[in-house]
Amino acid sequence: MFRDKAPWWAYVAILLTSIGAVLPLAWLFLLSLDPNQGIASGSGVYSLKNYASVIFQSMMAQYFLNTTIVALFTVLCTLTCATLGAYAASRYRFPGRETIMIGLLLASMTPVIAVLVPLYALAAKLQLLNTYSILVIVFTAWQLPGTLWLLRSFMNSIPPELEEAALVDGCSRAGAFVRIVLPQLVPGLLAAGLIVFVYVWNEFIIAVSLAAKQDMRLVSVGLYFYLSDFGVEWGKIAAGAIVSIIPPAILFLFLQRQLIHGLSAGAVK
Amino acid sequence: MATVEIRAVKKAYGATAVIHGVDVDIEDGEFVVLVGPSGCGKSTLLRMIAGLEDISGGEIRIGEQVVNGMPPKDRDIAMVFQNYALYPHMTVAENMGFSLKLRKAPKAEIETRVRRAAEILSLDHLLDRYPRQLSGGQRQRVAMGRAIVRDPQVFLFDEPLSNLDAKLRVQMRTEIKELHQRLHTTTVYVTHDQIEAMTMADKIVVMHDGIVEQIGAPLDLYDRPANQFVAGFIGSPSMNFLKGHVRLDGTPRFETPDGIALPLSSPGGVEDGQPAVYGVRPEHMQTDPQGVAAQVLVTEPTGAEILVVAKVGEQEINCLFRERLSFAPGETIRIAPQPNLTHLFDERSGRALA
Ligand SMILES: Nc1ncnc2c1ncn2[C@@H]1O[C@H](COP(=O)(O)OP(=O)(O)OP(=O)(O)O)[C@@H](O)[C@H]1O
Ligand SMILES: [Mg+2]
């Protein structure tokens, strides 16, 4: 951005970072193609046997379905609540507004481990263990503060005059929100939605604590149980891991432009 | 088209009062300019007319109807904002047709009206563009187009030209005035630029710190300012103010602390020895062999005229001469106000003295 050609050390840095990021993945990939056991077998034989057994002879498909359902509902709930909250926090003045926002941020910094036991007890009491609902509720609560902050900063960058112009043009307050504010918010919603989706996809601790029953597992939990289910069949675990990366990777590929735009739009301007 | 009546209107944000009881009568088809320094409450008043701010006290009527509790959408007004507030996700045509679409006007009618407004503003070739693909001046036009498509009761403008460069501003000023002469829609126009106010208005409302200082036709305000604030605000360069006393012994005159005597226009209603402020516009000063001595500090020729900053006793005075005069700094010249074009203000209240 500052000059036409980056200095040599920038390339070196990027190269090292890339190798650091790609090497484990590459190793994982090779491992997943090895039909024999053992991490260091290096048999030189490659096949898709591991993939076949992960996809067709395990519960992986069910885990994918579970994760997708939970992720989509979490995204939906989080975005709905966060959008409405962000609108209120951005457009209305009310006593304690900033205190509430800071409080939310602090609350979101609590380590998961600290609330795990009470969460489990609560879920058990409500008879919600091993359901989609409890995962959606807890994930939504967990993601709400960050999403609220992201969307509020996004909302703050939308000039209030746009809504005022719509009010004068004949909209009600709600009409102006739907017709004018929401369309401006789309990049922010996409970015926030993607972040939440990927969070759910990667989440493990909450998921394993609240929904560990075999048919209710999320992908991450399923992979973890492979360690015991298959013995230590590294090839299959590797294949499962590779497969589980695919959906978020595809989402990223499709949405990366919106994501970058969405994340930076609130900051600049 | 409609009249607008503003009666004892007040506005407070919590405990801070920002508008302290304002009365303005706007006639049908009139072009009224609200003018005043930054922070005086012009935008707030305009936004109360639009319904974008609550009215803390008093009453606003649009065409006989009290609108205090009425939401903006029912007031039948159109507003042009300083930053234009064009909807970024709509094309120019969609922006202009938005209000008609909300009122469920038939598609064909929307199209004809948008097209007609676009023609008036020479926007025909831009109808399919998005706001981000337009220049500042074009955006300004679209914002006006969005307002005139509606054919509303009242147009409200909040500093619509302040984001344009100087040349474009003058051009758009003329265009808005022409537009008003063509449509005769009641218009309330906010600006802090007194030249805009003078050139565009049928009637100017001068505001200051949340009150109305004076209401009148542009030249009325120029010729007969009600107080020192209006006198200093209207006119450019602004009026000279000299401190001193009224002297009624012998020829009525104004005397500065240095003992320099200046002629008074109409010395009624004042007492001998009364402290006062003497006002005279730079363009009403002339060279005069019988005048008072003044020492030239700076000269600023612009071609058409020359501004001379000079010292009369200890006080500075600006003079604007239309003749080609050349003075050197330090030179002593003799100057005098043109007869009957001077003003006198109360020293404490700033009120104009008869
Ligand atoms: N939301 C608010 N809360 C408190 N005070 C406010 C609020 N909005 C405006 N004010 C105050 O009201 C006064 C009038 O503001 P207003 O925007 O009407 O000024 P203005 O005459 O339009 O000035 P400018 O030429 O700078 O636009 C200002 O002193 C401002 O600080
Ligand atoms: Mg303003």
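A Cβ is built for glycine as well, from the same backbone N, Cα and C atoms used for every other residue.
Note that this is a predicted model, so its numbers are computed, not measured.
Copied from TrEMBL, the annotated features are:
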- A:64-255: domain 'ABC transmembrane type-1' (DOMAIN)
- A:9-30: transmembrane segment (TRANSMEM)
- A:63-88: transmembrane segment (TRANSMEM)
- A:100-123: transmembrane segment (TRANSMEM)
- A:129-151: transmembrane segment (TRANSMEM)
- A:189-212: transmembrane segment (TRANSMEM)
- A:232-255: transmembrane segment (TRANSMEM)
- Message: At a C-beta cut-off of under 8 Å, are there same-chain residues at least 6 beyond the transmembrane segment (A:9-30) that contact it? List them, or none.
- Response: 238, 241-242, 245
- Message: Need a quick answer: max count of Cβ pairs under 8 Å to the transmembrane segment (A:232-255), which of A:63-88, A:100-123, A:129-151 is it?
- Response: A:63-88
- Residue numbers, six or more beyond the limits of the transmembrane segment (A:63-88), whose CB comes under 8 Å of its CB atoms: 94, 132, 135-136, 139-140, 143-144, 147-148, 150-152, 154-155, 177, 181-182, 185, 189, 192-193, 196-197, 200-201, 216-222, 244, 247
- Which bits of the chain, at least 6 residues beyond where the transmembrane segment (A:100-123) starts or stops, bring a Cβ under 8 A of a Cβ in it? 89, 129, 134, 138, 142, 144-146, 148-149, 152, 205-206, 209-210
